[in-house]
Amino acid sequence: GTSRQIPQTIIIGVRKGGTRALLEMLDIHPNIVVAATEVHFFDWDENYVKGIEWYRSLMPFSYGNQITIEKTPGYFTSPQAPERIHGMNSSIKLLLILRDPTERVISDYTQVYYNRVESHKPVQLFEDIVIKNGALNTKYKAIQRSLYDVHMEKWLKHFSLDQIHIVDGNTLIKDPLPELQKVERFLNLPSRIMSSNFYFNQTKGFYCIRSDGRERCLHESKGRPHPLVNTTVLEQLYSYFREHNAKFYRMVNHSFDWH
């Protein structure tokens, strides 16, 4: 009685915002099944040309009462993804998880830093990438990805605001349950995720998951320590994002506790 379904919900981003944590926590819900890997169907042309049936073939088997969810953080910043997703299903529900844009930039850098170290490639200090000739390097990809207002504008051309639920990534890590209950309501699902599904792991410094008699934490690459960043550079980043954040708050009729 199961089949592979095209997702009724997609986690569209943002990269280093907590998309993996969100997906794994939602996977606790009996009415949700999740795609195991990031599919990159709507943002990579070489995958998109393979067609919708190829996309469906990568989805898990589900029952009729279950929602299929996939997550690809690259969708949010992709110029093509909003129109392509709308073309597939104009009434789809989208989940967007965001965190403080400066924190997200540092986390983005941290991931690349560790990847380069593991591949024995040369690494640069955060400050040397973010500052060029004494000024903020606003062309740095990690900074571009944190301009939430710029990207959101593209999504709102194709979807109404009530189709996009924004999850507060900073809150999800500190206190997951209230954020997940909001997602349950947004997806019109019965309330099944409970506080007993989480326990705080002192070593990792964030919540791990307990479900079906099993306990699991996020991959060791999650929650890596960030570098200590020069305070002057931090202030420059806060200052640069301030206007973009204010514009974003107006767009979505909601304020966040960001610098």
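For all residues, glycine too, the Cβ spot is worked out from N, Cα and C.
Annotated domain 'Sulfotransferase' per TrEMBL: 7-244, in sequence order. Summarising the annotation, TrEMBL assigns 3'-phosphoadenylyl sulfate binding site to Lys16, Gly17, Gly18, Thr19, Arg20, Arg99, Ser107, Tyr207, Lys222, Gly223, Arg224, Pro225, His226. Per TrEMBL, active site, for sulfotransferase activity is recorded for Lys16. Positions annotated as disulfide bond by TrEMBL: Cys208-Cys217.
Distribution of TrEMBL features across the structure.
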residue : record                                  : contacts (Cβ under 8 Å, 6+ apart)
Lys16   : 3'-phosphoadenylyl sulfate binding site : Pro73, Arg99, Arg104, Ser107, Asp108, Gln111
Gly18   : 3'-phosphoadenylyl sulfate binding site : Ile97, Arg99, Val167, Gly169, Leu172, Ile173
Cys208  : disulfide bond                          : Phe198, Tyr199, Phe200, Asn201, Glu215, Arg216, Cys217, Leu218
Arg224  : 3'-phosphoadenylyl sulfate binding site : Thr110, Gln111, Tyr114
His226  : 3'-phosphoadenylyl sulfate binding site : Glu103, Ile106, Ser107, Thr110
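Figure note: comparing Cβ neighbours within 10 Å for the recorded positions Arg20, Ser107, Cys217, the maximum is reached by Ser107. The average pLDDT for the domain 'Sulfotransferase' (7-244) in the predicted structure is 95.
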